[in-house]
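Colleague: Residues or ranges marked as substrate binding site in TrEMBL: 9, 44, 45, 223. The domain 'Pyridoxamine kinase/Phosphomethylpyrimidine kinase' annotation in TrEMBL covers 74-263. Summarising the annotation, TrEMBL assigns ATP binding site to 111, 143, 148, 181, 208, 209, 210, 211.
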Ligand SMILES: Nc1ncnc2c1ncn2[C@@H]1O[C@H](COP(=O)(O)OP(=O)(O)O)[C@@H](O)[C@H]1O
Ligand SMILES: Cc1ncc(COP(=O)(O)O)c(C=O)c1O
Ligand SMILES: [Mg+2]
């Protein structure tokens, strides 16, 4: 069994951050150690929420407890996502150093959630800067959406070819794998949801149909996507297999959510389809 220390948000109602990734990662056969950066009532795209950002020392305090029982060495990967403050980012890098010291083969998978005020994804000040400066060089795998790719690289990205070039510029600074989780306007077609998986040697492109959710598009899709990619890679699946699985699995969740007329991702209802998707989309090597 692979063990994943998953450091991101927790929402009590609905699905975002760990509340979107934890159950699907477990359903795929990984052990998850959820460490929550915030505990909010609901995700921020409702426009209002209650709850608390954990103090920065909370993260290292919990990890110290795990180190004290000598279990840090069994951690195979640290996954980070939505942060409650930029200080928490620094604490996560300290945790990554500790985990890698205990297990030199452990990976750091960073989903650089930077916020998207127009969409209502609100992230604390300094978090975007933290990712550009500090998490990028420390990560083994990074999973930006298009906006985050542009912020991390400082370049605007208008085409798929530019997205590959810019992903390789990021790779030159640290990570070995870049997942562009949502190509959006830089994709080939406006009627498809497209992703890219890039390493120094390979680049893979994939797309799935868009489903019409109107203006209330489900949140937590990025967190679900990142978690599932990490599990696939930890299981030793190839880049192509991993990209095809996450595309189909997330599509199944979107279909089920749409079918049930819900706004929150229907992860429990779609759990068997996450493990064994009936849809298949072929990744294309670029
Ligand atoms: N097949 C699909 N059809 C329609 N919308 C989708 C589909 N897959 C994902 N989405 C939407 O695309 C958006 C992706 O969000 P974005 O901010 O670009 O990246 P991230 O995944 O990091 O959040 C979400 O609003 C999600 O609901
Ligand atoms: C609390 C919280 N966590 C995580 C996210 C990130 O969600 P997504 O996977 O859609 O990027 C959001 C987005 O609004 C959020 O409010
Ligand atoms: Mg996101």
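Think of each number as a place in line: the chain as shown, counted from 1.
Placed from the backbone N, Cα and C atoms, the Cβ positions cover glycine too.
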Colleague: Per residue, counting other C-beta atoms within 10 angstroms of the C-beta, which of the binding-site residues 9, 44, 45 reaches the highest number?
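Modeller: Result for the most crowded candidate: 9.
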Colleague: Around residue 210 (ATP binding site), how many other C-beta atoms are within 10 angstroms of its C-beta?
Modeller: 14
Colleague: Out of 9, 44, 45, give those binding-site residues positioned within 10 angstroms of residue 111 (ATP binding site), comparing C-alpha atoms, in sequence order.
Modeller: none
Colleague: Could you tell me the mean pLDDT the prediction assigns to the domain 'Pyridoxamine kinase/Phosphomethylpyrimidine kinase' (74-263)?
Modeller: 96
Colleague: Just to be sure I understand the contacts, which binding-site residues have a Cβ under 6 angstroms from any atom of ligand 1? Candidates are 9, 181, 208.
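Modeller: Checking each Cβ against ligand 1, the ones under 6 Å are 181, 208.
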Colleague: Provide the three-state secondary structure of residue 208 (ATP binding site) computed with DSSP.
Modeller: strand
Colleague: Just the number: how many Å between the Cα atoms of residue 143 (ATP binding site) and residue 223 (substrate binding site)?
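Modeller: Checking the Cα atoms of residue 143 (ATP binding site) and residue 223 (substrate binding site) gives a distance of 10 Å.
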Colleague: Using DSSP with the three-state reduction, classify residue 9 (substrate binding site) as helix, strand or coil.
Modeller: strand
Colleague: I'd like to know which of these binding-site residues, 111, 148, 223, is least surrounded, judged by other CB atoms within 10 A.
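Modeller: Comparing Cβ neighbours within 10 Å for the binding-site residues 111, 148, 223, 148 has the fewest.
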Colleague: Report the binding-site residues (111, 143, 148, 209, 210, 211) that meet this criterion: Cβ distance to the nearest atom of ligand 2 under 6 Å. Use sequence order and write none if nothing qualifies.
Modeller: none
Colleague: Within 8 Å of the Cβ centroid of the substrate site residues 9, 44, 45, 223, which other residues of the same chain have their Cβ?
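Modeller: Surrounding the site, in chain order, are 11, 16, 17, 40, 43, 82, 113, 121, 219, 220.
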Colleague: With the cut-off set at 10 Å between Cβ atoms, which of these binding-site residues ends up with the most neighbours? Options: 143, 211.
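Modeller: When each Cβ's neighbours within 10 Å are tallied, 143 leads.
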